[in-house]
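Asker: Mind having a look at this structure? Questions to follow.
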């Protein structure tokens, strides 16, 4: 007996898992994990499946993290939110704004669960989770022991954290603590946000602008399956960036604190005239080249072949090699996404 994963991944790719368990509390999550381990099955914890590509049928148990709840504590200088890992991220952004607690608005409409946000250190329009993260509560899967990691202990990087490294498959995230400062500072560095006046802008205006940009540029997974940005924006050494800017002076680029330079993957793909290109049922989105979509009953092989094609074209033109932001899941767990498309 197998169970379809199609409803549980936003790419809408039709693979199956041996078992799918919905965990609404910590105990259910732990017992499902321990049961699978006793049976010698691979096991993975999934939020809303908005950042994964299943490459084949999964030979084990998929646990859906549905731990809910939002608690708010107010201090003189901040609001402190303790949020269950299974809460929807965008609903949390709206909840905070509706209750006059700004600070999350740049991260509006990012798909997925709150518990997935620290794994990727989600970010958009100049703000990353690490800016507002206070702590992450986890449970050790083998022992059931609770751990609270401070933001510093999470070792956040660009789309990276300790949860993608040492703690991968060792812990489950059960809640995330956020600190929203009462000294709200708008971040207006990207896209349409640069047109807003920092002196008069409200958090609601930032939220509305972000939602407008995302809905006009990004496809709705309910219409065309996708996992948002398929590739990371590449971060390159300063000399490589200089070389590229000599050849392409209008290339968007964002100097980083450590001297490296972040490039815009979507722009690089667009310059290779790849918008609308299809392989099988997979396509490069026509509005936002960074997004690969399930345009017509795509298989995972179609998506991988298209990602390979995009990576090759960009690499040949710019000598910059893109890496997937989406996580690739094989028969018994995560596999190296770069190797899969190289």
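Note that Cβ sites are derived from N, Cα and C of the backbone, with glycine treated the same way.
Heads up, here are the entries from Swiss-Prot:
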type: DOMAIN; residues: 13-183; note: domain 'FAD-binding PCMH-type'
type: ACT_SITE; residues: 159; note: active site
type: ACT_SITE; residues: 229; note: active site, proton donor
type: ACT_SITE; residues: 325; note: active site
Asker: Calculate the distance in Å between the alpha carbons (Cα) of residue 325 (active site) and residue 159 (active site), and round it to a whole number.
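Answerer: Roughly 7 Å, rounded to the nearest whole number.
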Asker: In whole Å, how far is the residue listed as 'active site, proton donor' from residue 159 (active site) when you measure between their Cα atoms?
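Answerer: Cα-Cα, rounded: 11 Å.
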Asker: For residue 229 (active site, proton donor), what residues in its own chain, 6 or more apart in sequence, show a Cβ-Cβ distance under 8 Å?
Answerer: 265, 266, 290, 291, 325
Asker: Please report the three-state DSSP label of residue 159 (active site).
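Answerer: Once the DSSP labels are grouped into three classes, residue 159 (active site) ends up as coil.
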Asker: Measure the Cβ-based neighbour count of residue 325 (active site), defined as the other Cβ atoms within 10 Å of its Cβ.
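Answerer: Around residue 325 (active site), other Cβ atoms within 10 Å: 19.
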Asker: Count the other Cβ atoms sitting within 10 Å of the Cβ of residue 159 (active site), across every protein chain shown.
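Answerer: If we count other Cβ atoms within 10 Å of residue 159 (active site), we arrive at 18.
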